Amino acid sequence: MNSENFNLSERIVSPSYIRQGSQARRSHEQLIRRLLEQGKCPEEGWSESTIELFLNELAVMDSNNFLGNCGVGEREGRVASSLVARRHYRLIHGIGRSGDIAAIQPKAAGSSLLNKLTNSVVLDILKLSGVRSVASCFVVPMATGMSLTLCFLTLRHRRPKARYIIWPRIDQKSCFKSMITAGFEPVVVENVLEGDELRTDLEAVERKILELGAESILCVHSTTSCFAPRVPDRLEELATVCAKYDIPHIVNNAYGVQSSKCMHLIQQGARVGRIDAFVQSLDKNFMVPVGGAIIAGFDESFIQEISKMYPGRASASPSLDVLITLLSLGASGYKKLLSERKEIYLLLAQELKSLASAHGERLLHTPHNPISLAMSLDGLQAESDKAVTQLGSMLFTRQVSGARVIPLGKEQTISGHTFRGFMSHSEAYPCPYLNAASAVGITRDDVTLCMKRLDKCLKTLKKEGNATKSSSEVLPSCQEDGAGEVTEQD
């Protein structure tokens, strides 16, 4: 409805009523106008009706929704199912063109506008979350691992002689495979144990640079968010080393946007040294479906170079999902979620420490990890070799998701490289442990229920362990009394 149509409507319905409806419509349009003018996340969240109005306005700008459109090409935004069309708000053309994921599509002005606005709003959120000097970013419809691969492939053109990527160890398969998929050889640098924490071995990183030669190294691939007892890499020091030897630095910031500490490390690293790009997941940080990531950096030309490396058009779904989410929450709503996450982290730490103490265990001291916590399982290991892994199974079957139980001595081979002590980020961590994390969206009820079920599982395993010990003590006396041979089956 434009002003002309509202004027015509006054002939049919009382003008006072029409003017009231026109004013209501104008309040929606003013929100949309501010978004277009500023390109920033609105301070207060929008209503669903405003968001749907906006998306419908964008959709009618795409050629597949033109009245009387005649399409004779191979890609005309045709959709067989009306359910699928509604799921995507009839924004069917995706984003980008064959040569650049950030390019404008002539026959999809609405989808192109959606793409540009999403990148602008996300950039604003990255600044709000702590990386205030970030210059550019774009949403890519791939999860974190493949997004890292795209960064490495872009660097290949800048450093054609490079063969290696220096990687402080973190036991997460997609990080490792992102380097292998890009065609490079990961140089794994083991972490050093400081108290309970696993931290970056800076001296080992620098030795590897000198040993291999700076020209043969594509980049240093560091990590912020991770499972305790590993903690975020020493980003400031690594950034300084990268600047010293003129080596690119790519940061895996998978779920670090929700942590002010992780974002501060990136900001400081870029200030004192070199960080070329940092990559973060959409689903882990913004509570949207899996399938998207944000590639961001401090040099706009390099971020554009990465976007041009993406071959072909791309799905608009991740961009649409995160834009809807951020418009719904608003900047104040997202900041509130981050604040609540911090509060619940303290609650989780307190509850886990109390539970650990009650079972003769302890909460590992990992103050440099702002998201993940770890509780020792030494007593459980003493009960039985299988008890530690059994705890993980018991928690999962009791609908406790996300908790990780890490046994000692596990080996895993990934793309020909064998990791000893896999999942513990170390070849020989001193004790088995259990992980729990306070990630964005967690509630107090989640913590309460998890502690209740974990307590019950530990008591059950302890009871079973005592019963096993008792039966093994009885067996020899049975044999001495002539009760007959006790077989393995018995």
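Glycine too: its Cβ is placed from the backbone N, Cα and C atoms.
Per TrEMBL, the features are as follows:
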- Arg75: pyridoxal 5'-phosphate binding site (BINDING)
- Arg97, Ser98, Gln105, Arg313: substrate binding site (BINDING)
- Arg271, Arg398, Lys463: tRNA binding site (BINDING)
- Lys284: N6-(pyridoxal phosphate)lysine (MOD_RES)
- 465-490: region 'Disordered' (REGION)
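Annotation for the binding-site residues Ser98, Gln105: lowest Cβ count within 10 Å of the residue's own Cβ, Ser98.
Arg75 (pyridoxal 5'-phosphate binding site) and Arg398 (tRNA binding site) have their C-alpha atoms 47 Å apart, to the nearest angstrom. The distance from the Cα of Gln105 (substrate binding site) to the Cα of the residue listed as 'N6-(pyridoxal phosphate)lysine' comes to 30 Å. Neighbour counts were taken as the number of other C-beta atoms within 10 angstroms of each residue's C-beta; across the recorded positions Lys284, Arg398, the minimum falls on Arg398. Summarising the tRNA site geometry, the residues cited as binding it (Arg271, Arg398, Lys463) extend over a maximum Cα to Cα distance of 55 Å. Nearest to Ser98 (substrate binding site) in space, judged by Cα atoms and limited to the recorded positions Arg271, Lys284, Arg398, is Lys284.
Taking the C-alpha atom of Arg97 (substrate binding site) as reference, the shortest distance to any of the recorded positions Arg271, Lys284, Arg398, Lys463 belongs to Lys284. Of all Cβ atoms in the shown protein chains, 17 besides its own fall within 10 Å of the Cβ of Arg97 (substrate binding site). Taking the C-alpha positions, the distance from Arg398 (tRNA binding site) to the residue listed as 'N6-(pyridoxal phosphate)lysine' comes to 23 Å. Taking Cβ-Cβ distances under 8 Å and a sequence gap of 6 or more within the same chain, the neighbours of Arg313 (substrate binding site) are His93, Gly94, Ile95, Gly96, Arg97, Ser98, Ile101, Gln105.
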